[in-house]
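Feature annotations, reproduced from Swiss-Prot:
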type	residues	note
ACT_SITE	129	active site, nucleophile
BINDING	18, 42, 43, 126, 164, 190, 216, 242, 243, 264, 265	FMN binding site
BINDING	42, 66, 67, 68, 69, 70, 126, 191, 192	substrate binding site
């Protein structure tokens, strides 16, 4: 089922969520990345970031907690190495470059730089990372600040922009409306919830960062609700994500109002998660029974 989004067409509605897929190199050893509808890169900042140190992952029975901290090689490496590799290996695969920054100026600078790459069809503006001390989620919890980032990126970018929303707000529709009015061509939602786990023997947090972003199947009901709310509040297309791990989950997210879908932590548990979900979704849409 082909999907039309601003700036490009996807052969199917599924893509990896930013941060869970790197730049595709590892997963390219597992399957043909042309099976994806699009590929969303790891969030990139102007300069390299080493991310958070120490323990950055903690798994639960139905969720994963991470505090990676936007670790990335920086915009120069992405522009001159990562994106050209994708263009050479997968010339027909639409690339959505995820960008982040510590201030509005950095967002704009990265947007201008990466949107110039020939295979980048859109940008995803990450204003919702909960694991960094500067920037990140701070930009996504205030409608005026979120709108300011959106306007700056829109002015700097030569491709459509999708703003990635945080669920860690009282009213996600207020943020959605603000960034839509500021020029967003689409929205991605939801990013992770802030959470923590503790070692009951010591009483100390499992993560050195204390808190992290909660993802995984446990998020699906909340993600569906927020996508449903936003779909009824804005007119731009939505990339829905949060807890998708099966074709049934994907079908629910589309029913909630998403135009396209991103799969995150399921990639950690099963390398071929996206092709599996795509096949299950196609079967459901064709009226077949999926076990």
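Note that Cβ sites are derived from N, Cα and C of the backbone, with glycine treated the same way.
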Ten-angstrom check, please: count other Cβ atoms within 10 Å of the Cβ of residue 129 (active site, nucleophile), all chains counted. 25
Of the recorded positions listed here (129, 164, 216), which is spatially closest to residue 67 (substrate binding site) when Cα positions are compared? 129
Looking only at 126, 192, the binding-site residues on record, which one has the least crowded Cβ, with the fewest other Cβ atoms within 10 Å? 192
So what sits near residue 42 (substrate binding site) in its own chain, CB-to-CB under 8 Å and at least six residues off in sequence? 18, 19, 21, 22, 23, 72, 98
Those binding-site residues of 69, 216, 243 having Cα within 10 angstroms of residue 129 (active site, nucleophile): 69
One should report the C-alpha separation between residue 69 (substrate binding site) and residue 43 (FMN binding site), rounded to whole angstrom, as 10
For residue 43 (FMN binding site), which residues of its chain lie six or more apart in sequence with Cβ-Cβ distance below 8 Å? 18, 19, 70, 72, 98, 99, 100, 124, 126, 129
Listed FMN-binding residues 18, 42, 43, 126, 164, 190, 216, 242, 243, 264, 265 - what's their greatest C-alpha to C-alpha distance in Å? 19
Do me a favour and check the Cα-Cα span between residue 164 (FMN binding site) and residue 192 (substrate binding site); whole Å is fine. 11
Measuring Cα to Cα, how many angstrom lie between residue 265 (FMN binding site) and residue 192 (substrate binding site)? 10
Around the Cβ of residue 67 (substrate binding site), the count of other Cβ atoms that are within 10 Å: 25
C-beta crowding around residue 216 (FMN binding site), within 10 angstroms: 22
Under a three-state DSSP reduction, the secondary structure at residue 164 (FMN binding site) is strand
